[in-house]
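**Student:** Before we start, here is the structure in question, set down as structure tokens.
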Amino acid sequence: MKVSVMRDALRAKFTQHPALAQLLLGTGDAKLVEHTANDDHWGDGGDGRGKNMLGRPLMQLRDELRAG
């Protein structure tokens, strides 16, 4: 799956479900990381060296939601 598709899917999910958007906003300024040893693209690879391509768009979306 392309990152742009994931970003669009996340945006749809969190805009259609306000309760989830509030949970995301509740993370404040925390760094969001998909911590998994078996995925170094979407996650951190379990050792922090992965790309975290799930956490990054979540943090971007959180910023967008915060900005209104």
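Heads up, the Cβ atoms here are built off N, Cα and C, so glycines get one too.
The annotation compositional bias 'Basic and acidic residues' is assigned in TrEMBL to 36-50. Residues or ranges marked as domain 'NADAR' in TrEMBL: 2-66. TrEMBL lists 36-68 with the feature region 'Disordered'.
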**Student:** Over the domain 'NADAR' (2-66), work out the mean pLDDT and round it to an integer.
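**Tutor:** A mean pLDDT of 97 is what the predicted model shows over the domain 'NADAR' (2-66).
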**Student:** Work out, from DSSP, the number of helix, strand and coil residues along the region 'Disordered' (36-68).
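**Tutor:** DSSP classes over the region 'Disordered' (36-68) add up to 13 helix, 0 strand, 20 coil.
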